[in-house]
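As given in Swiss-Prot:
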type	residues	note
ACT_SITE	Asp13	active site, proton acceptor
ACT_SITE	His41	active site, proton donor
BINDING	12-18, 40-42, Arg305, 331-333, 413-415	GTP binding site
BINDING	Asp13, Glu14, Gly15, Lys16, Asn38, Ala39, Gly40, His41, Thr130, Arg144, Gln224, Thr239, Arg303	IMP binding site
BINDING	Asp13, Gly40	Mg(2+) binding site
BINDING	Thr299, Val300, Thr301, Ser302, Arg303, Lys304, Arg305	substrate binding site
Amino acid sequence: MKNVVVVGSQWGDEGKGKIVDWLSDQADVVIRFQGGHNAGHTLVIDGTTYKLRLLPSGIVRKNKISIIGNGVVVDPWALLEEIEEIKSKGVEVNVDNFIISESANLILPFHREMDEIREDAAGKGKIGTTRRGIGPAYEDKVGRRSIRVMDLRSETNLDHRLETVLLHHNAIRKGLGKKIFEKDKLKEELLKIAPEILKFSQPVWLRIDEFKKQKKRILFEGAQGILLDVDHGTYPFVTSSNTVASAAATGTGCGPNSIHYVLGITKAYTTRVGEGPFPTELTDDIGELLGSRGKEFGTVTSRKRRCGWFDGVLVRQTIKISGIDGIALTKLDVLDELDEIKMCVEYELDGKKMDYLPAAVEDQLKIKPIYKTFPGWKSSTQGIKNIENLPENAKNYIYALEDFIGTKVSSISTSPEREDTILLENPFEV
């Protein structure tokens with residue numbers, strides 16, 4: 001029995017959906033452990049497209065148990081809407097195949113509004129959030145004033161918790177000249193949907209312990225990417241949760257010894273959505289080509305992604321931070337038309353060479369990438385399923401990438417289709 005954690009090794013949008021879908025087919029249990037509905041997966045199964053934001057990818061598979069862990073912040077209205085959306089496509093979501101941690105924190109309307117207010121006020125200094133209330137909800141969690149799923153069970157307790165959290169938020173809203181939130185109205189709205197949320201609520205840590213004893217395969221599904229981690233990412237241009245593999249333990253209530261393999265999803269080039277440092281960003285025709293061929297638009301926001309060359313220095317760093325055992329290299333086929341391909345192998349900062357990304361954002365913004373150039377292969381890799389059938393220059397690029405980052409490539413994706421994958425190592429069977 002092996003348990004696998006999937007994380008993004010860059011800034012998110014690495015193509016986790018396809019890989020997670022393939023792994024979830026082999027897993028018994030699939031668990032989301034951090035983030036909210038600010039990041040999404042697009043799955044295509046038997047010609048049907050599913051866009052998931054909160055629900056784990058296992059939900060579209062029969063005989064799988066899908067779980068939202070305590071580390072996730074949940075917008076209850078968005079969750080119910082997503083459930084109805086996939087139900088309309090024939091997917092079953094019931095108390096037998098879906099569980100929400102009773103300790104998960106809720107995103108409420110004033111969180112969304114606060115997110116928007118801050119982003120609008122920040123001007124050029126904005127973070128580039130999805131304006132869905134994720135950050136403010138995590139702030140309330142850390143501030144010990146949050147409302148959790150379990151609080152929906154008691155009207156008296158909910159009233160008290162709302163009073164506490166609104167004391168904080170309404171004080172800020174008054175200072176900003178905004179209308180205050182009415183406690184009774186919000187309580188009424190929450191009590192109205194409470195039964196639909198509570199029927200899925202369980203102590204997730206206890207269920208995971210049972211699954212481990214039953215030798216079930218567990219897939220921990222990360223959202224976003226390591227470079228957006230609140231501690232280890234390009235702070236302050238990060239998300240509000242820990243996106244590294246170790247967050248799977250804290251975000252679900254299982255010990256770190258429950259993790260046996262960490263798979264880092266890694267794009268063959270680099271993208272970033274929103275603001276923040278991006279050493280290898282391309283603003284020329286090549287950047288546009290990568291964006292066009294890679295269809296680089298966000299699943300949740302439809303925002304255009306910034307594109308650039310593969311940054312080996314960054315990926316090598318995230319591999320060390322997250323304890324990645326192997327990478328799934330995605331979107332190799334996007335590079336098919338290029339005459340030459342570059343890989344960042346070092347940085348220069350104020351005339352000095354560096355082999356890692358410094359922590360200070362001021363330094364990150366000044367960094368100059370140093371590249372190694374590889375000849376392109378100028379032929380299609382799309383649909384190839386055996387590494388020996390790849391063009392020689394494509395293989396050379398992969399081997400050089402693997403050697404530089406110091407971690408094996410466990411699979412290579414050669415198109416958005418699930419079947420178009422070169423499998424070199426199955427994380428569940430290592």
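Counting begins at 1 with the first residue displayed.
The backbone N, Cα and C atoms fix where each Cβ goes, and this holds for glycine too.
Most other Cβ atoms within 10 A: among the binding-site residues Thr42, Thr130, Thr414, that distinction falls to Thr414. Take the Cα of Gly15 (GTP binding site) and measure to each of the recorded positions Asn38, His41, Arg303: the nearest one is His41. Residues Asp13, Glu14, Gly15, Lys16, Asn38, Ala39, Gly40, His41, Thr130, Arg144, Gln224, Thr239, Arg303 are recorded as binding IMP; their most distant pair of Cα atoms lies 35 Å apart.
Between the CA atoms of Thr130 (IMP binding site) and Lys304 (substrate binding site) there is a gap of 13 Å.
For the binding-site residues Asn38, Gln224, Arg303, a Cα-Cα cutoff of 10 angstroms around Gly12 (GTP binding site) retains Gln224.
His41 (active site, proton donor) has Asp13 as its nearest neighbour among the recorded positions Asp13, Arg303, Arg305, Leu332, Thr414, going by CA to CA distance. Around Lys18 (GTP binding site), the C-beta neighbours below 8 angstroms that are at least 6 residues distant in the chain are Leu43, Thr330, Ser413, Pro416, Arg418, Thr421.
The number of other Cβ atoms within 10 Å of the Cβ belonging to Gln224 (IMP binding site), over all protein chains shown, comes to 25. Counting only the Cα atoms, the space from Gly40 (IMP binding site) to Leu332 (GTP binding site) is about 21 angstrom.
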